[in-house]
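Quick look at what TrEMBL annotates:
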ACT_SITE  A:2  active site, schiff-base intermediate with DNA
ACT_SITE  A:3  active site, proton donor
ACT_SITE  A:58  active site, proton donor
ACT_SITE  A:273  active site, proton donor
BINDING   A:100, A:119, A:162  DNA binding site
DOMAIN    A:2-122  domain 'Formamidopyrimidine-DNA glycosylase catalytic'
DOMAIN    A:247-283  domain 'FPG-type'
DNA sequence: AAGTCTTCCTGCGAGC
DNA sequence: TGCTCGCAGGAAGACT
């Protein structure tokens, strides 16, 4: 899926065309994505005004004037495209309906918000805005990596005694919410930590060094508009650029970027996910 | 309890 | 050109 930077980019793209606007019609073209849609979802969206949009972890939260919040998760292949509205200097006309356009929100100003998800690992749900923290997909999430609650003290304490590889620990959304496979690989390279190291056996000062590096990588990726791989696009259809900044992700066999290293980047599988790293620079 | 594996889907590129 | 295979940004739930 789009990870935190991609979700943030999508949210930023759709917020200007949704905030304050009425959803004139919600077109729901199938009964489910990963899970069934909430009961009467189309009716509960139609006629509602959008109060604002937020992001929590990899979820986009759309607050409605019905005291309900629409939760959107992009899964691995979910895209949200805006059409019929100006975005920056560009106007994007409505495209022809495409395969896997599962939900289309027709805004009263003429804009359309189209949710397309080939693999259907994404999700949508509605919940009372006041009880959003209790939602089963939200309640167990760890702190936001760009927020104040995520700091060196927290991470050191949270990883203490953990027997799982640091790679798996950073992918655990209960520990820190929003990181995915790409950015964890990049962060561990920057930190010089081998992804196979047991989380609880890394010196505290090295664990602490991860915190600013995580923030740096995410900020850089957000500034670049996210990373475009396979399915992901920004909401205006443009590509993000951070993939050009990958130092290890998807670079198996290519030379390490560290000056005077040039060792081929390794790929291993950890808990079913590819880990890319430099066996020379990461210990 | 904690850690790991399997599974949900479709699409695409590599290799033959 | 057309097949089969492996792999893909997530993460819940079933295992061990």
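The backbone N, Cα and C atoms fix where each Cβ goes, and this holds for glycine too.
If you measure from the Cα atom of residue A:119 (DNA binding site) to that of residue A:273 (active site, proton donor), you get 18 Å.
If one looks beyond the domain 'FPG-type' (A:247-283) by at least 6 residues along the same chain, the residues whose Cβ comes under 8 Å of a Cβ in the stretch are 165, 167-168, 171, 181-182, 185-186, 188-196, 229. According to DSSP, residue A:2 (active site, schiff-base intermediate with DNA) sits in a coil region rather than a helix or strand.
Largest CA to CA distance in the DNA binding set (A:100, A:119, A:162): 41 Å, whole number.
In the domain 'FPG-type' (A:247-283), helix, strand and coil residues by DSSP number 0 helix, 14 strand, 23 coil. Of all the active-site residues in the record (A:2, A:3, A:58, A:273), the one with the smallest CA separation from residue A:100 (DNA binding site) is A:2.
Confidence annotation: the domain 'FPG-type' (A:247-283) carries a mean pLDDT of 94 in the model.
Around residue A:58 (active site, proton donor), a 10 Å sphere centred on its CB holds 24 further CB atoms from the protein chains shown. The shortest Cα-Cα distance from residue A:162 (DNA binding site) to any of the active-site residues (A:2, A:3, A:273) is found for A:273.
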